[in-house]
Amino acid sequence: MEGPAFSKSPKDKTIERAFLGVLGILFVTGGLASRDNPHQVYNITWEVTNGEQDTVWAVTGNHPLWTWWPDLTPDLCMLALHGPTHWGLDNHPPYSSPPGPPCCSGDAGAVSGCARDCDEPLTSYSPRCNTAWNRLKLARVTHAPKEGFYICPGSHRPRWARSCGGLDAYYCASWGCETTGRAAWNPTSSWDYITVSNNLTSSQATKACKNNGWCNPLVIRFTGPGKRATSWTTGHFWGLRLYISGHDPGLTFGIRLKVTDLGPRVPIGPNPVLSDQRPPSRPVPARPPPPSASPSTPTIPPQQGTGDRLLNLVQGAYLTLNMTDPTRTQECWLCLVSEPPYYEGVAVLREYTSHETAPANCSSGSQHKLTLSEVTGQGRCLGTVPKTHQALCNRTEPTVSGSNYLVAPEGTLWACSTGLTPCLSTTVLNLTTDYCVLVELWPKVTYHSPDYVYTQFEPGARFRREPVSLTLALLPEGLTMGGIAAGVGTGTTALVATQQFQQLQAAMHNDLKEVEKSITNLEKSLTSLSEVVLQNRRGLDLLFLKEGGLCAALKEECCFYADHTGLVRDSMAKLRERLNQRQKLFESGQGWFEGLFNRSPWFTTLISTIMGPLIVLLLILLFGPCILNRLVQFVKDRISVVQALVLTQQYHQLKPIEYEP
């Protein structure tokens, strides 16, 4: 067999490839920016392109980012569409049937319009794709033990691979550039992103070619480095060459990733946050329908404002509390907390559902990371939970097998280290250090007894204790969905209470939506402000004065910047002036002794140091003489007593003598 134009023995190629493979592994970062919610599902499309970067094969699925790595199975001839002329498909349109006449049968062409007999011996002409007979010869080459094909990377190769050439050599200008393929020396690599091989056996390919179909399908699999790369949205390219006698024909192909959101998020109109700040709408009195046989036109309910949403939160909390414990609502006050955190979570132990395909709510993830700053209780945890949060776990599942989607029960959410989400991807959970806790959301509504409210209106002379307030999530009985559902066994109002709880959950869900819209509008406002500030209007207007100014030269709408920093400086100056006045007023009310401490810092230190000894000395001078006199008098009295005892010991008492008359 005649060697190729840059022929080397397979043994030499194996040694050189092994030497080059030790030089390192290429890690590619960048590309698609990481999204906020790693469990959110997107519409992902893997596209295989030809040398003109036209899509010739694609596969689509709904999965989280960087979790779906399917096998790509394009046909080798599809990669040659609009490619080099020697492949015979330079004018063949993509996504169409194979070109050319079919093969003839074994008996001298019984099929009308056939080209030649596929059972006859194949000549040494180069394999092509324009007829069934040529595609059959291509299949024989790609499956032959001493022939085949090899792949060379182009866009992501390391620096030492500069000798591999460019598009003219299909990135395979020298031996050692090949990283995968199906050839006699079995080319491999430890850093390339893909492996390529045949997807059919020789007999299966022969049968498909004789039926005038695409009969040279490849199977492209992603390697470990390829799954770690995040630059697939820009695309990567490779070269493919056949290993045959003479010059090795080749082509180039690419692989790229296309990501789109499942649901559109299109803002309409000006900033909706400012126009949405409306008070609670008044209820419209019900009117009887007019007597008419014509059907009434359904009316669209007005959009709720901020006041309506806040009132719905308090009303939903009251209805839930009233149906579960009516004694607490006979006389009470429910207050919606007006400062963060606005919500608190209660960990619950409930059963989730597992799905093989992504449900609809998995694509409705938030655009921003919402964090719960207060979570109580014990519930179900997934992933590797740190020690600081293990107190929230009643049951922990470190890993979840398979590649499924875990949907939280109705009325609950997964509180993860990456934010709140209604759906989890086990693939993301097992590949990352993320952990999640199943929680129920409760608005920060404070429960007050009537005594607390009454004391607020009593005279100020009465001493008021610090109020003991409880939020709904911290009430002794607990108002979680699990606790409400437990009342079904005892009858009573469990079903109605569950409906009230769901109404409260719906109110919280609407409020969270508005919070997300507010964050989005704030982001857009900051972006718009930064664009305005970056325009150096004054200087550029002078440069483009002949064209009518900067806006006329750029053909853009003029932007104007309202600078309020001067007002801020004036306010700060007035604040400093008031502080100085208060300081002078405070100093004028001090006595001369207090003023000494404010004049010099060393004087304060000196006084505090010698004050103790001076006080002790003063006390000694005042009370020392009196104490000394009393002590001397006491000693004299004791000495007099001792002297009297000594004198009495020298004399004896005489007994009286009685004389008889």
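The backbone N, Cα and C atoms fix where each Cβ goes, glycine too.
Annotation comment: Swiss-Prot describes 280-301 as compositional bias 'Pro residues'. Residues or ranges marked as region 'Fusion peptide' in Swiss-Prot: 468-488. Among the features that Swiss-Prot reports, region 'Immunosuppression' is placed at 534-550, with the record citing similarity to another entry. For 332-335, the entry in Swiss-Prot reads motif 'CXXC'. Taken from Swiss-Prot, the feature motif 'CX6CC' applies to 551-559. The motif 'YXXL motif' feature in Swiss-Prot is assigned to 651-654; the stated evidence is similarity to another entry. Per Swiss-Prot, topological domain 'Cytoplasmic' is recorded for 628-661, and the stated evidence type is sequence analysis. Residues or ranges marked as transmembrane segment by Swiss-Prot: 607-627.
Mean pLDDT for the region 'Immunosuppression' (534-550) in the predicted structure: 71. When the motif 'CXXC' (332-335) is classified with DSSP, helix, strand and coil residues number 0 helix, 3 strand, 1 coil. Shown for the motif 'CX6CC' (551-559): DSSP residue counts in helix, strand and coil, namely 4 helix, 0 strand, 5 coil.
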